[in-house]
Amino acid sequence: MTEKDKDKVRVYELAKELKLDSRRLIDLLHRLKVENIKNHMSTVEPDAVKTVRDIMEGKLPPEPKPAANHGPVGGPSRPRPAAPAPRMADRPSTAHPPAAHESRPNGRPSVPPRPNDRANYGRPYNNAAPRRDQTGPNASRPMGAERSNRPPYQSGPRPGMNERRGPGAPSGRPNAPMGNRPSGPRPGGARPGGPGPRPQSGGRPGGPPRGNRPLAVPPPPTTTRPNKDQNRRGGPNRERRSSFDEKRGNRNWMDDERYGNKRKKNHKSQERRQEVAMPPVQRRVVISGPIVVKDLAEQLGAKATDLIKRLIALGVMVGVNNELDKETAVIVATEMGAQVEERASVEEREEILLQGDEDREHELQERPPVVTVMGHVDHGKTSLLDKIRSTRVTASEAGGITQHIGASVIDWNGRSIVFLDTPGHEAFTAMRARGAQVTDVAVLVVAANDGVMPQTIEAINHAKAANVPIVVAINKIDLPDVNPERVRTELTEHGLVAEEWGGDTMMVPVSAHTGEGLDKLLESILLQADIMELKANPNRAASGTIIEAQLDRGRGPVATVLVSRGTLRVGDVFLSGSVYGRVRALINDRGERVKEVGPSMPVEVLGFNQLPEAGDDFVILEDERQAKSIADARASRSRQSSESGSRGVSLDEFYQRLKDEAMQDLNLVLKADVHGSAEALAQSLAKLSNDEARVRVLHIGVGSVTESDVMLAQASGAIIIGFGVSIESKARQLAEREHVDVRQYRIIYEVLDDVKQALTGMLTPKFQEVFLGRAEVREVFRVPKVGAVGGCYVTEGKILRSGQVRVVREGTVIHEGSIASLKRFKDDVREVASGYECGIGLEKFNDIKVGDILEVYTQEEVKAS
Ligand SMILES: Nc1nc2c(ncn2[C@@H]2O[C@H](COP(=O)(O)OP(=O)(O)OP(=O)(O)O)[C@@H](O)[C@H]2O)c(=O)[nH]1
């Protein structure tokens, strides 16, 4: 250890010394722009320690100015917001706001932090350590210097970081002010990441700290925090908080900030406060995490009703069985006169144990870049990857859409590049975004003949939000009359300026068909990797991220993981969420069994006791018993929170419903073939929620639809969506008996379409589909100015000109719409009966093919009984 290292302290040590909650200290350090502060274990540079001490001792003003030179400090003085910083997407797209890494003295961009800080640890992003780049070999790389203006992706708190944490996790919502929660409808005031019952698969509880990531549709609430609306409406919380702040003395400036405390006297609040005045309790309570109201009341020696009244006065609407998050519990207990001791929760202690020590510079070695290919549908992502890997994936994909994240390693010029397959369809936004979180470089595929499309822009935004640099592949240049320059121009409008034009984005014209430009593309990726100086310590226990997980009939739970640091070996004891096990076998991307894999490498892992969850971290522990006990504890916490959630609906939710009386819920049980799809689908479905109807995914799971799924759906009035999975026969029988609607799909668009319709159906008079007839396309005519007309034979029922039509190709619905024309010979007719031929033209659909089945139906209003 160097002299300098001795002066450094870890966050939790400093927090202890200053009698501060570590999260608050982290918050403060972030505000001071001190970099590399990720968690309790992060080290704080001496300068920053001094500044913090000065602030706490009142020598410096309590509202900190971003300090200039606290060791590894971000450059610009833009104050770090308490809430997650706006994504790049929210900023003017053409502007490149200054970023921390632009200000580094060597003119080279520092590698920006990633959105998922846990996926991050062990990644060589430690600017605190001396970096090779200041003198290192790459300093002389010709393009390095030019890159000082690399897109300045945000350096603020990373979006999504907190979302990935479970209840009471150490950094869970460290910055979220109580009065500054997202304003969307959140039943029961449950915070995202709160320990509401998380839809699980196969009983695998998503235990904290990461397992309990929220679905986009918040599950029924359990953990409750003071309510923003109450606050805004002049509720008493502001005043309450003021007094709380005062009691807490040395924390006040941060609490002021957190709670938006203006310290104005509010007469009404005062009055209300009087109303709920209770005899103070004189107990000492220890709060180390979320706690159920009645348990807190017991600890306080108070009546639960008194506690609830006090909570209501704070704007927290709860029942006795609801859970309070730690922060709220501390506030209310203090308010009630208790002496409160805040302790690190079990989760926090776990987190410290699992994170281990940070790597030192000399332990780090170069590692291959992990690359995600992104882009608009059909721009050639799969083809490009295929060409690079010289394999063919496209043919086997359902509906021609990439649906799972896979990974493969390319060896090129003696170096490796790891490619993650990320899907291109919008519905997989979540998966793609997650892909970007383990990604070092994003390859943005833009078809030269199509140019920038909506999902191109989305991909750019995701990469920017994830601080992932983009290399553009302008694809399909083998096509005639394509113009790569046009793509360059269009991309400029979205903040990506080609190097040739003085910008800093490498743009490489390629053809996935002919292979032209691919070498240049790989070279550019490696160049980008060099600039980033990707490093990891291979000589330590492995940790990384679960990329994909599925149940294999023969092999049991199989997870594809990406090692972010350390070396993963057969026999290692691992832990991921509440799943643990011993690595039985490792299989690389070529299907070979290997004994160990190092940083950046993807590998299939066998040996999990249950399915881990895609997107979760994994760590290697020394002791299997320890892994088991942490896994069990996480599972039981998760169970408890879902149980406490199922017992009651909070008043807050009730209120919300009253307020939005038109709001209705569409409850769904979602089963999919793999976790990634399920998760992505859940998020896409949630996005269909509108002002009047909300999609709520009650349960997501992997594998066939089972009896218990049907029972759940029956009990909660839900529809079951099976995506790429079958229905067990008993489940089917039960569903029929109980009139549970089970729908099976293979194509994601269809799920979204159907659910969209279901949402509409909920709000308008109910309609049911009435089958009219079916026709088979036997010939296709191209009629000038009209388009394609199918020469059809009616095989069943009758075709009505006024009917709706569904085009089914090889068992898959490829289009739904209206009939534009129905003819018998040259005459327009209203209907054609079974056994006759006719010509059918469809509105806005010209892709009729021989063999297509046209199913014609109508919608009839269902009379209320
Ligand atoms: N001419 C030409 N066609 C290409 C090229 N690359 C891809 N295509 C074609 O473009 C279509 C779409 O290619 P995919 O690779 O499936 O595109 P994708 O972006 O992976 O599509 P999704 O998985 O649906 O998002 C296919 O018909 C390919 O044959 C290219 O370089 N030149």
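Using N, Cα and C of the backbone, Cβ positions are placed for all residues, glycine too.
Positions annotated as GTP binding site by TrEMBL: 375-382, 421-425, 475-478. With a 10 A radius on its CB, Lys381 (GTP binding site) counts 28 other CB atoms from all the protein chains. Taken residue by residue with DSSP, Lys381 (GTP binding site) is part of a helix.
Look at TrEMBL and you will find 47-62 (among others) tagged as compositional bias 'Basic and acidic residues'.
According to TrEMBL, the feature compositional bias 'Basic and acidic residues' maps to 226-260 (among others).
Feature annotation from TrEMBL assigns domain 'Tr-type G' to 366-535.
As annotated by TrEMBL, region 'Disordered' applies to 44-278.
Taken from TrEMBL, the feature region 'G-domain' covers 369-517.
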CB neighbours within 10 A of Asp378 (GTP binding site), counting all protein chains shown, number 18
CB contacts under 8 angstroms to Ile477 (GTP binding site), restricted to the same chain and 6+ apart in sequence, sorted by sequence, are Ala448, Pro484, Pro509, Val510, Ser511, Glu516, Gly517
Across every protein chain in view, the count of C-beta atoms other than its own within 10 A of the C-beta of Gly375 (GTP binding site) is 29
DSSP assigns the residues of the compositional bias 'Basic and acidic residues' (47-62) as 10 helix, 0 strand, 6 coil
Close to ligand 1, in the sense of Cβ under 6 Å, among Asp378, Lys381, Ile477 as binding-site residues, are Asp378, Lys381
Simplified to three states, DSSP reports Gly375 (GTP binding site) as strand
